[in-house]
Amino acid sequence: MFDGYDSCSEDTSSSSSSDESEEEVAPLPSSLPIIKNNGQVYTYPDGKSGMATCEMCGMVGVRDAFYSKTKRFCSVSCSRSYSSNSKKASILARLQGKPPTKKAKVLQKQPLVAKLAAYAQYQATLQNQAKTKAAVPVEGFSWGNYINSNSFTAAPVTCFKHAPMGTCWGDIAEGVRVEVPNTDCSLPTKVFWIAGIVKLAGYNALLRYEGFENDSSLDFWCNVCGSDIHPVGWCATSGKPLVPPRTIQHKYTNWKAFLVKRLTGAKTLPPDFSQKVSESMQYPFKTSMRVEVVDKTHLCRTRVAVVESVIGGRLRLVYEESEDKSDDFWCHMYSPLIHHIGWSRSIGHRFKRSDITKKQDGHFDAPPHLFMKVKEVDAAGEWFKEGMKLEAIDPLNLSAICVATIRKVLADGYLMIGIDGSEAADGSDWFCYHATSPSIFPVGFCEINMIELTPPRGYAKLPFKWFDYLRETDSIAAPVKLFNKEVPNHGFHVGMKLEAVDLMEPRLVCVATVTRIIHRLLRIHFDGWEDEYDQWVDCESPDLYPVGWCQLTGYQLQPPAPQSSRDSQSSSSKQKKKAKSQQYKGHKKMTSLQLKEELLDGEEYSFLQGASDQESNGSASYYIKQEP
């Protein structure tokens with residue numbers, strides 16, 4: 001990469017002679033993520049070579065980044081301004097009867113002085129602002145400070161296949177080198193320097209400038225997918241200056257030798273990394289598209305809604321009949337809650353017809369291929385039947401897994417599920433789950449995995465035992481073999497940080513932690529809130545995101561609740577009557593009934609060993625054996 005460096009001029013002058021020839025620069029091989037000791041020619045400032053001074057504005061920078069073959073000017077505008085002023089000087093000399101010189105002097109030297117003065121004033125203003133801000137506590141949240149101060153770890157980007165770069169993150173890890181803006185510099189223009197990744201937290205990386213060794217005083221956090229991070233070699237190909245930080249600029253006498261030693265064999269970002277980031281943030285759903293989505297006032301049916309906005313793949317849907325557009329619903333474009341127009345009719349699902357008989361101008365149906373596909377199932381043989389019992393995550397209380405019943409079998413593998421003991425008389429709170437949904441489980445799932453099962457409301461015979469309940473209700477359990485037993489190699493571990501949707505208010509994305517892992521099922525805790533607001537979420541849920549997702553997409557992140565808010569919320573929740581609501585803002589969080597965890601008698605049940613909370617990956621037999 002540095003071959004040919006020694007051929008660069010060692011002269012410390014501004015190199016303003018007109019007969020100077022421009023160095024040939026070999027392009028960086030686009031297919032090499034490894035920095036090699038050949039190819040691209042760099043000129044790094046070492047105090048003795050490779051520097052130039054603009055003859056128009058006086059800016060000092062890397063010579064190879066200057067404009068024109070003579071390298072006399074830092075930009076096209078400076079070159080043109082100099083040329084214009086030179087002509088004016090020549091004409092004025094002739095009018096005054098003076099012989100023209102070979103190099104006419106620039107008439108106005110004020111631009112350099114004015115720029116330096118303005119820059120000095122700008123720096124002073126920034127320092128004053130910094131002092132003012134430091135005295136006033138800033139109301140905000142920084143993932144970097146939060147992780148550093150608590151030694152947290154974050155779930156890697158590869159855990160989130162639906163998120164930008166989730167499937168093409170590659171080998172980005174600690175030690176990867178990048179080119180980033182140099183903030184420790186007094187030059188008036190934006191310059192860059194090389195930094196290495198010290199720690200990764202989702203999209204965010206803790207960076208350290210090359211040359212600081214073990215000194216972490218200027219370490220800083222930056223979003224790897226941001227516009228200011230580039231692979232090594234970008235500055236040379238883009239004509240941007242590489243300048244060492246002011247703090248260490250005198251640490252080495254030969255920056256070239258230092259960088260050759262440090263960078264040879266190191267990894268950097270792929271040359272097309274920014275392009276991949278851009279492509280992964282293109283979303284097929286557009287505003288004004290019409291979809292079918294669950295009716296948040298009656299879970300058993302769907303309604304037509306229109307895409308009002310798209311942020312990071314999350315859709316703000318406005319129900320079609322909402323004139324003021326206030327009746328809305330948030331979900332991800334891969335959510336199982338949205339479908340193409342006509343889906344409800346095709347499977348026999350209840351649907352609320354709109355009072356609007358004609359499409360509004362500009363609205364159009366979203367193409368069916370945009371929606372998440374479900375696995376095909378074979379319902380011809382043994383299949384789910386109405387009245388069968390199972391366990392299911394309560395759609396109105398995501399912190400609870402409850403005793404449930406199949407109320408209706410629809411087409412294409414869809415089932416209408418009701419939560420025992422709390423169903424509305426008209427079935428308006430039945431919820432649609434697909435047979436392959438990771439939110440439904442066979443009888444005994446909670447028992448074998450030591451999860452608290454919420455019994456039917458009002459059921460007095462505690463502790464709850466499935467065999468007794470099945471006998472009392474004259475019911476049968478849904479066969480274990482019909483449930484989805486696939487456990488992907490998801491990569492989550494207990495304690496990992498992430499950003500998660502609060503499904504009680506699905507417009508909110510919050511700071512969260514993985515607190516339990518049962519195969520593919522994750523227990524998500526919202527930092528700063530009581531455990532009663534935790535949610536059971538599938539490892540492949542589109543409502544989970546890497547740390548830094550909100551910053552990358554421009555979505556607002558909800559920080560951990562402060563102590564005052566927690567105390568107020570706790571007091572308020574204790575006073576409220578804990579009853580289910582028909583309003584489905586997403587999944588309504590509620591306090592589940594507190595039951596003592598006890599295993600069922602070994603003489604009545606024989607079961608297979610389940611997974612511990614520490615297990616994060618791999619399939620296992622975690623269902624209870626059904627006895628004849």
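Just so you know, glycine gets a Cβ as well, placed from its N, Cα and C.
What TrEMBL lists as compositional bias 'Low complexity' is 1-18 (among others).
The region 'Disordered' annotation in TrEMBL covers 1-31 (among others).
Marked as domain 'FCS-type' by TrEMBL: 45-80.
Look at TrEMBL and you will find 141-245 (among others) tagged as repeat 'MBT'. Residues in the repeat 'MBT' (141-245) partition by DSSP class (helix H, G, I; strand E, B; coil) as 16 helix, 29 strand, 60 coil.
Residues or ranges marked as repeat 'MBT' in TrEMBL: 253-349 (among others).
Per TrEMBL, repeat 'MBT' is recorded for 351-456 (among others).
For the repeat 'MBT' (464-560), the DSSP counts in helix, strand and coil order read 18 helix, 30 strand, 49 coil. The annotation repeat 'MBT' is assigned in TrEMBL to 464-560 (among others).
The region 'Disordered' feature in TrEMBL is assigned to 558-592 (among others).
Annotation comment: TrEMBL describes 563-573 (among others) as compositional bias 'Low complexity'.
TrEMBL lists 574-590 with the feature compositional bias 'Basic residues'.
Summarising the annotation, TrEMBL assigns region 'Disordered' to 606-628 (among others).
The feature compositional bias 'Polar residues' is assigned by TrEMBL to 609-620.
The DSSP breakdown of the repeat 'MBT' (253-349), given as helix, strand and coil counts, is 22 helix, 36 strand, 39 coil.
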